[in-house]
Each structure stands twice: as C-alpha cells, then as structure tokens.
Amino acid sequence: MTSPSANITSVLKETRSFPPSAEFVANAHISGMEAYRELWQRSKDDPTGFWAEQAETLTWFEKWHTVLEWNEPHAKWFVGGKLNACYNCVDRHVLAGRGNQAALLFEGEPGDTRVLTYNDLLREVSQFANVLKNQGIQAGDVVTIYMPMIPEAVVAMLACARIGAMHSVVFGGFSAEAVADRNNDAKSKLIITADGGWRRGKVIPLKQNVDLALSKSPTVQTCIVYNRCNTSVEMVAGRDFWWHELAAAASTDCPAEPFDSEHPLFVLYTSGSTGKPKGILHTTAGYLLGASRTHHWVFDLKPTDTYWCTADIGWITGHSYVVYGPLANGATQVIYEGAPNQPREDRFWEIIAKYRVSIFYTAPTAIRAFIKWGDQWPKAHDLSSLRVLGTVGEPINPEAWIWYHTLIGGGRCPIVDTWWQTETGAIMIAPTPGAIATKPGSATMPVPGIHAEIVDRQGNPVGANEGGLLVIKHPWPSMLRTIFGDDARYREQYWSQIPGAYFTADGARRDDDGYIWIMGRVDDVLNVSGHRLSTMEVESALVQHPKVAEAAVVGRPDDLKGEAIACFVTLVSGEQPTEELKKELREHVVKEIGALARPDDIRFAELLPKTRSGKIMRRLLRDIAAGRESKGDTTTLEDFSVMAKLRESDE
Ligand code: WTA
C-alpha cells in the first residue's frame with residue numbers, strides 16, 4: 001500500500017477521470033456540468049438571492065426579513081425568521097403523510113435490530129424533550145451527550161433542539177477527563193449517557209467514565225442513563241436517573257417551539273492548534289440549511305434511497321450527515337453501533353446487502369483497513385444496491401479510491417470525496433455526482449453557494465498547480481458563528497490570517513481543469529484516522545505526567561491511520577527511560593484524552609532540538625519520526641548533538 005507521503009507524489013501524477021453514467025446524469029438533482037455551473041455562478045453573483053431561494057426548502061414558523069447581516073467576522077443569516085430544527089427533521093415529514101416511513105434502521109453490534117419510523121421518532125423525541133423540561137432544562141441551556149451509536153443518541157440531540165437547549169456531544173471514545181473539560185467549558189447542566197455501548201464485543205463503560213467526569217464537573221446537576229447493555233452501574237441518588245423511568249412518567253406531547261434563526265443549536269468541541277479544544281458554535285437556520293442542501297446535492301438523495309453514513313454522532317459528520325441533513329430531507333437511513341470487523345471483517349458489507357443500502361459514506365482510514373483485510377470480504381456480498389459512495393475526513397490516496405470504486409462500487413458508483421470541517425458545518429468542496437467527473441484524490445469543486453480560493457499568505461490568488469492556502473471568500477449559512485466563550489480566538493484563528501477571507505488551515509492546489517486537491521493541514525493539527533488532534537493537546541497531556549519534563553509531538557505518515565502520533569519526551573532528572581515508562585505514558589495520554597490519542601511512538605531524548613529563541617524545531621522531529629534525512633537548515637539548532645542522539649533513540 002502506498003503511504004500518504006507517497007500519496008502526495010501519486011496525487012500529483014493522477015490524471016484519470018471518471019464521468020458519471022448517462023443514466024446517472026439523467027436522473028440526478030444537478031444534472032450535467034452546465035446545470036452545476038449555472039447554479040454555482042448564480043450563487044456567486046447573488047449569494048443572498050440564491051440562499052433565500054434555498055431557504056424555502058425549510059419549514060418556517062415565521063419568515064425572515066433580512067437574508068444576511070455581515071459584520072466581519074460575524075454573520076447573521078435569515079434575520080427575523082423563526083423555525084425549529086427538530087420540527088424540520090421530524091414533524092413536517094409526519095404531517096406530510098410520511099409518518100410510517102422508516103427513519104432509522106438500527107443495527108446493534110451484537111446483532112439486535114430496531115426500526116424507528118418518523119412517527120416513532122416524533123413520539124420518542126417529544127417524550128424525551130418533556131423529560132429534559134421536567135429536569136429544569138430550558139432554551140439556551142447546554143446538555144452534554146456521551147452515548148453509543150444507538151437511536152437514543154439521535155433522539156437526545158433532537159429533543160434538545162426541540163426545546164432550544166444546545167447539545168454538546170462528546171465522542172464515546174473520549175476519556176472522563178475530556179468529558180469534564182468539555183462540561184466545564186460549556187457550563188453544561190445535564191449529561192445524557194448509557195451504561196455502556198458495544199464495541200468489538202466488549203462494553204465501553206460510559207457511565208463509569210461519566211462518574212469520574214462528574215466529580216470534576218460542578219455545573220452538571222443531573223445525569224440521565226439509558227440502559228443499553230444491562231451492566232450494573234452506580235446510580236447516585238438525586239443526581240442519576242434511568243432514561244426509561246423518566247420517559248415512562250413524561251407526556252409524549254411536546255409541541256416544537258419556534259426559535260430565532262440565530263438561536264444556538266449546538267456546540268461541538270474540536271482540536272485547534274493549541275492544547276485546549278475549542279467549542280465550535282452553530283446556530284439553527286443556517287446550519288440546518290447547509291447540512292440539508294449539501295446532503296441533497298452531493299448524495300443526490302431520492303425517496304427510494306437507503307442511506308448510510310458510518311460516522312459517530314460524536315463528530316461533525318455525525319451531526320450533519322447522520323442527524324440534521326438526512327432527517328431534514330426525510331431520508332431512510334441505517335445506523336450501526338459497533339466496529340466494522342465485529343464479528344468478522346465483512347460486517348459493513350453484510351449490512352449493505354441486508355438493508356439494500358444505496359448511498360454509503362465513510363472515511364479513507366476505514367477503506368484502507370478494508371483493503372488490508374482482503375477483497376474476499378466485500379466479494380462475498382451482494383453490493384448491487386449501491387449507487388453513490390462518499391468519503392470524508394482526510395485526503396484519500398488514489399489507490400484506496402480505485403479500490404473503493406472497483407470493489408465496493410462495482411465501477412458504476414460516483415465517489416463523492418467531500419472536503420469540509422467542523423467549523424464549516426456542511427460539505428464545502430465535493431463533486432455533485434451527476435455533474436462533475438471525478439478524479440481519484442480530488443474533492444473536485446465547491447458546492448453551490450461556496451466561493452473557495454487558493455491564495456498565498458498575503459491573500460493573492462495563486463496560479464494553476466501552485467500550492468497555496470485554501471480560503472473561503474464569502475460568508476455561508478452553515479459557518480461557525482464563534483468559538484464558545486472565546487470570540488477573540490474565533491476572530492484571530494479564522495478571520496485574521498488572510499485579509500477578507502475565512503482561513504481553513506488547509507493547503508490545496510487547483511489543477512488545469514479547475515479541480516481542487518486538498519494537501520492537508522498547514523497548522524499543528526494532526527489527522528489520525530480521520531480524527532482531528534492537536535500536537536499541543538498530546539504534549540500537554542504528556543507533560544502532566546510527573547516524570548516528564550518536556551514533550552514534543554509530531555505526526556508521521558502511516559499507511560492505515562494517515563498520520564501516526566510520534567512523541568519525543570525528556571524526563572525529569574533521576575528518571576530512567578524504560579519500556580515500562582513508555583507504556584505508562586501511553587496509558588496516561590489515553591486517560592487524559594482518550595484512546596484515539598494513544599501515542600504510536602515514544603522516544604526518550606536528553607534534549608529536544610530548539611532554535612536559539614527556544615522554539616522546538618518540529619520540522620526536524622517530523623523528519624526523524626518519518627525516518628527521513630533532514631534536508632532543512634539546521635544551523636539554528638541550539639545543540640547539534642541533539643539530532644544525532646535523537647536518531648539513535650529509535651523506537
Ligand atoms: C481534513 C471533518 C482531505 C482537513 C468533516 C480539514 C479532508 C479537517 C477532507 C477537518 C477531504 C476533511 N480531503 N482532507 N475530503 N475532509 N479533511 O473538523 O484537513 O473533523 O481541515 O471535519 O479534516 O476535520 P473535522
């Protein structure tokens with residue numbers, strides 16, 4: 001398999017192009033290149049007129065009077081409008097006579113299944129919204145959700161939206177420490193969890209983690225526990241309540257209240273370039289519009305489709321393309337609780353065949369694992385129901401793309417490589433599959449309404465095939481509104497780096513045909529198995545260990561994960577570098593952040609290479625971690641011998 005560094009070279013040489021079939025084009029929502037160009041041009045020439053037209057696809061309690069108020073860097077979209085996100089995702093489908101249609105086809109890891117129709121969803125969500133109200137939750141309050149991928153996770157999010165409470169979903173793989181940090185930053189009042197969730201045949205002890213987190217989360221008064229795994233958990237009287245007991249006592253009637261377009265919908269924490277994750281704030285109307293329109297355009301969703309996005313609701317992909325986008329569009333979708341290789345390496349293909357999934361959206365890291373597991377697994381299943389395939393989260397190497405196209409898509413399914421971010425709320429660059437011929441490794445072109453440019457540090461557009469920084473030129477409805485509790489950081493990070501544009505922190509190039517190729521982050525954010533992680537976050541976890549004096553963390557190319565986590569550690573005097581200690585430090589990082597941050601390599605060093613002004617020379621460390629010879633200039637190194645010593649300390 002090619003490594004991601006080899007990938008950059010192979011991407012530069014990639015010239016293959018895959019146009020959609022005539023039949024696909026004929027039936028697509030955006031049919032043909034001309035239709036795409038026209039729609040995109042219209043959105044560029046008259047952004048507010050364009051978005052106002054699109055906004056008619058939502059159901060409003062009161063219409064807006066102003067499409068956009070823009071005081072850079074603060075946007076207000078659809079000012080004066082009132083709506084309810086949950087109503088748009090549930091009630092309106094029931095009122096349109098589609099109540100008996102399946103909304104969620106749930107498959108638990110142990111093999112248990114449930115179907116929730118839109119009628120079911122309305123009843124469950126209304127009832128749980130009343131549960132939250134009965135616990136004193138009001139519009140504007142923050143509710144933490146730390147749950148496995150089960151229907152109740154979706155119900156909990158929608159119940160918050162129904163009553164105007166902001167949800168803050170924390171991925172179930174994060175540790176108790178990480179849950180507590182997020183609770184405290186958001187001043188969460190209530191947490192919803194489960195006793196546990198199934199992962200590779202084992203129960204992840206979510207409630208146990210919550211107990212630890214709550215000892216450090218003074219703002220959280222209440223904990224609601226869904227019984228998923230029938231494991232015994234500790235229930236603190238007066239603080240902890242069973243979901244099923246509270247629900248049984250709550251009415252199923254809870255009319256959706258109208259909220260302002262700019263009413264906060266949720267906060268979702270993501271890694272930036274500092275040690276502290278930032279709470280990305282999204283608001284109601286613009287976010288819902290971005291998620292639902294992109295879902296419609298990019299996945300070409302039709303009423304006959306069965307859609308499956310494998311993302312966990314703990315990530316933005318789960319928010320936009322499991323919950324808000326597909327449900328606002330009235331989709332029928334699969335949700336699966338567990339691992340792709342449980343009980344065997346064909347679980348995903350078995351699910352696709354069983355539910356006749358037609359649109360499948362996953363991550364390159366998963367595809368690389370499937371390749372490693374072998375072709376026999378997908379080949380054993382009937383995947384003929386598939387018609388669109390998607391990827392997200394990291395660049396996809398052409399080899400993985402071709403495998404996905406051939407083995408999974410049978411050569412007939414367009415692959416939508418979707419570039420976007422927690423901050424953008426919705427897909428920004430991706431092929432509209434009935435219009436744009438795809439090229440392996442390219443996210444192709446911006447979706448309608450999005451004005452992407454590639455510029456130099458001063459903000460000047462660069463030429464074809466010249467690499468530069470990816471920026472977005474005009475505000476768009478689903479953009480983040482701020483960083484929760486830190487507007488200065490919002491301004492600084494996104495709107496101060498490049499004049500007059502939103503700075504994505506990704507590098508990119510545009511080829512001669514106008515196709516965009518994403519080159520990866522230009523800041524200290526790692527992409528580990530499609531998950532964002534800051535080097536500083538891991539460093540600050542490491543230095544919290546009493547035996548660690550200093551730590552530097554860099555990414556190194558990895559065939560499976562995209563990037564692996566390489567750590568360089570100096571110890572406090574008197575401590576010995578041992579294999580035992582490496583193990584201890586790995587576990588320490590897992591405890592501080594979560595298993596997704598487990599270091600791959602730990603090297604002990606006597607000193608870290610620094611510039612004369614004391615900055616750690618990460619470029620050199622990246623070369624060492626990747627086993628490359630350093631070509632860069634090392635003359636500012638404080639101590640030349642440091643480099644030689646580091647090389648000796650091979651993992
Ligand atoms: C990277 C995930 C290449 C990128 C939706 C971005 C991608 C970061 C792609 C955001 C893609 C996401 N091709 N790189 N198709 N999609 N990225 O916030 O570096 O978890 O800045 O959002 O992932 O990660 P986030």
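Backbone N, Cα and C define each Cβ position, glycine as well.
Taken from TrEMBL, the feature CoA binding site covers ARG199, ARG200, GLY201, LYS202, THR317, ASN341, SER529. Annotation comment: TrEMBL describes GLY393, GLU394, PRO395, ASP417, THR418, TRP419, TRP420, GLN421, THR422, ASP506, ARG521, ARG532 as ATP binding site. Here TrEMBL flags VAL543, HIS545, VAL548 as Mg(2+) binding site. Feature annotation from TrEMBL assigns domain 'Acetyl-coenzyme A synthetase N-terminal' to 36-89. Annotation comment: TrEMBL describes 96-476 as domain 'AMP-dependent synthetase/ligase'. Positions annotated as domain 'AMP-binding enzyme C-terminal' by TrEMBL: 537-615. According to TrEMBL, the feature N6-acetyllysine maps to LYS615.
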Item to check | Minimum Cα separation from ARG521 (ATP binding site), reported as the residue among binding-site residues GLY201, LYS202, THR317, VAL543, VAL548 that achieves it | outcome: THR317
Checklist outcome for this item: Should one count Cβ atoms within 10 Å of each candidate's Cβ, the binding-site residues GLY201, PRO395 would be headed by PRO395
Item to check | Cβ-based neighbourhood (8 Å from the centroid) of the Mg(2+) site, residues VAL543, HIS545, VAL548 excluded | outcome: ALA541, LEU542, GLN544, PRO546, LYS547, ALA549, ALA551, VAL569, LEU585, HIS588
Checklist outcome for this item: Per the 10 Å Cα distance test against TRP420 (ATP binding site), the recorded positions LYS202, SER529, LYS615 reduce to none
Checklist entry - What does DSSP call VAL543 (Mg(2+) binding site) in the simple three-state scheme? => result helix
Checklist entry - Of the recorded positions ARG199, ASN341, THR418, SER529, LYS615, which sits closest to VAL543 (Mg(2+) binding site) by Cα distance? => result LYS615
Next on the checklist: Quick check: of the binding-site residues listed here (GLY393, THR422, HIS545), which one has the Cα closest to that of SER529 (CoA binding site)?
Outcome noted: GLY393
Item to check | Under 8 Å by Cβ from VAL548 (Mg(2+) binding site), same chain, sequence gap 6 or more | outcome: LEU542, VAL569, THR570, LEU571, VAL572, LEU585
Item to check | DSSP-derived class (H/G/I helix, E/B strand, else coil) of ARG200 (CoA binding site) | outcome: coil
Checklist outcome for this item: Around the Cβ of ARG199 (CoA binding site), other Cβ atoms within 10 Å, all chains included, total 18
Checklist entry - What are the helix, strand and coil residue counts for the domain 'AMP-binding enzyme C-terminal' (537-615) according to DSSP? => result 24 helix, 27 strand, 28 coil
